[in-house]
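Step one of this worksheet: look at the structure below.
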Amino acid sequence: MKGGGFRIYAICYLIFLYAPIIILPLFAFNDATVIAFPLSGFTTKWFAEMTTQPALGQAVKNSLIIAVSASVLATTLGVFAARASTRYDFPFKGGIMGLIMLPLVLPEIIVAVSLLVVLLGLGVNLSILTVILGHVLICTPFTIAILSSAFQSLDRSLEEAAYDLGETAVSTFRLIILPLVMPGIISSLLISFTISLDEFIIAFFLAGTEVTLPVYIFSQFRFPQAVPVIMALGTILVGMSILLLTIAEYFRRRGLARSGAKDTGGFL
Amino acid sequence: MELGSRWDRFRRSEAASGYMLVSPTALYAILLLAAPLGTIILYSFLTDGYLEIVRTFTLANYHEAWTNELYRTVMLRSLGVSMAVTLVTVVLAFPVAYFVSFHVDPSRKSLWLFLITIPFWTSYLIRVFLWKVILGFNGVVNSGLMGLGIIDEPLTFILYNVNAVVITLAHAYAPFAILPIFVALEKIDRSLLEAGQDLGESRFMTFLRVTLPLAMPGVIASVLIVFIPTIGDYVTPQLVGGPEGRMVANLIQLQYLKLDNYPLGSAIAVSAMGIVTVVSLLFLFLNRRYLKGPKS
């Protein structure tokens with residue numbers, strides 16, 4: 001076995017990383033209102049109880065609308081910026097791309113309060129729409145990171161061949177480039193969807209009276225008797241995001257294989 | 001005539017195509033990121049009046065943010081927590097990145113990276129809440145240790161204080177720290193390591209004198225990518241920090257949503273960002289020799 005000591009350490013580290021996710025389903029199926037050990041018995045009633053809460057249904061609906069819109073918009077903006085930065089050189093490219101990528105490191109609370117101040121100053125009513133605006137801002141850098149590697153691995157000569165055969169810039173993009181980067185686009189849609197669905201702070205500040213799923217979950221933490229239902233909900237959410245990420249990873253790798261690039265791993 | 005042809009040439013140039021393509025995204029970032037950031041900087045110099053913002057220039061908000069005992073304590077604590085989280089995260093992450101880069105079969109590297117990133121993408125709120133369960137009075141750690149007979153009474157210093165905030169944030173930002181270090185390690189030419197050992201260095205000395213300096217750009221990137229966002233984290237201090245673990249984001253939220261004092265809230269936010277920027281630049285300056293790239 002290669003790297004004995006390191007391997008044991010890395011496995012312990014993975015256990016540390018997965019500890020909360022492993023514990024989550026234990027409490028989702030535990031027949032007790034108190035979230036503590038020892039466990040008392042098996043039940044599925046918390047899952048059944050989820051369906052009796054209309055506020056939860058509304059939150060899920062809001063979150064889905066926000067996540068779908070934000071991921072489509074962010075990926076569209078990401079395609080433009082990733083294509084521009086990988087294909088062309090222009091003055092102030094570093095500064096412009098730096099500004100676009102800034103939300104990657106900027107604390108989300110800063111994004112949230114600055115948008116809040118401006119939107120209220122302009123007299124815009126807080127709603128689902130304002131949350132979408134904020135989420136597009138934080139998802140775009142991730143889409144650019146994914147899409148840049150997809151565009152980077154494109155062979156320039158394919159594009160030149162299309163021009164030589166009489167295609168215009170637009171038809172070349174549609175017929176040659178788009179199909180080649182499609183796996184990257186799907187992967188970027190899925191990642192943005194996951195980020196938006198999970199985002200709390202911006203939704204907390206910008207949603208007004210509308211409630212998104214994380215805002216709903218956060219409000220329920222105040223009521224101890226509501227927590228087992230949240231554990232059941234969390235189990236479903238974690239299962240779903242693992243599924244989405246696995247699909248995203250599959251497309252990302254297929255995209256790399258299609259353009260013949262070396263896999264450097266990871267989304268980030 | 002001259003001007004017209006120059007414009008024509010620009011329009012067909014590479015720069016123009018680049019600007020055309022980047023403009024939708026750039027405009028979005030300017031309107032919804034740069035302009036709002038500018039606005040809170042502006043607000044931080046205004047006065048909070050009853051029901052409206054008074055448009056007179058003042059430094060009073062900064063004076064309040066920097067001299068008020070409460071705000072100063074929270075600001076210093078946030079800085080301390082961020083630094084501790086960064087140190088713990090990067091030190092714990094380095095061996096994992098090293099293992100994946102140097103000891104994992106190339107065909108399985110992306111599987112390992114995928115396994116490392118999955119927890120990062122799963123519901124942040126619920127993960128933080130579960131740390132409360134793990135560290136709590138009847139939690140996993142306490143019942144485990146009591147079951148093994150190591151302790152007689154539940155440990156209380158691990159929840160609702162700064163320790164809990166550091167543990168939870170270190171968990172949340174782990175993948176952020178591993179990936180940049182991994183990328184830097186992957187770039188290292190393996191023949192340099194062989195050369196080091198051929199020249200009679202021990203494996204450990206080769207690591208210290210060849211691998212580590214070459215991995216430093218990755219380490220520096222992880223430090224910044226963990227340090228900058230953690231200082232503004234709201235959820236973790238709110239859920240597991242208790243009254244002694246409040247951080248600057250909780251203060252900003254209080255000023256904006258509860259006390260409705262936008263100018264003071266903005267001054268605190270701008271101060272926090274200023275401190276983060278200064279510390280980051282200082283850190284980059286101290287490590288500048290690793291960032292110059294290969295010597296020619």
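Including glycine, each Cβ sits where the backbone N, Cα and C put it.
Copied over from TrEMBL:
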type	residues	note
DOMAIN	A:60-248	domain 'ABC transmembrane type-1'
TRANSMEM	A:6-29	transmembrane segment
TRANSMEM	A:64-84	transmembrane segment
TRANSMEM	A:96-122	transmembrane segment
TRANSMEM	A:129-151	transmembrane segment
TRANSMEM	A:171-193	transmembrane segment
TRANSMEM	A:200-219	transmembrane segment
TRANSMEM	A:225-248	transmembrane segment
Where among A:64-84, A:129-151, A:171-193, A:200-219, A:225-248 do we find the most Cβ pairs under 8 Å to the transmembrane segment (A:6-29)?
A:225-248
When you scan the chain for residues with a C-beta under 8 Å from the transmembrane segment (A:225-248), skipping those not six or more beyond its ends, what do you find?
21, 24-25, 27-28, 30, 32-33, 35, 46-47, 49-50, 53, 56, 186-187, 190-191, 193-194, 197-198, 213, 217, 267
Selection from A:96-122, A:129-151, A:171-193, A:200-219, the stretch that has most Cβ pairs under 8 A to the transmembrane segment (A:64-84):
A:129-151
Look at every Cβ pair spanning the transmembrane segment (A:96-122) and the transmembrane segment (A:200-219), keep those 6 or more apart in sequence, and say whether at least 3 of them are under 8 Å.
yes
Can you work out which residues elsewhere in the same chain, 6+ from the ends of the transmembrane segment (A:200-219), have a Cβ less than 8 Å from its Cβ atoms?
55-56, 58-60, 62-63, 66, 108-109, 111-113, 115-116, 119, 125-128, 130-131, 133-135, 138, 230, 233-234, 237
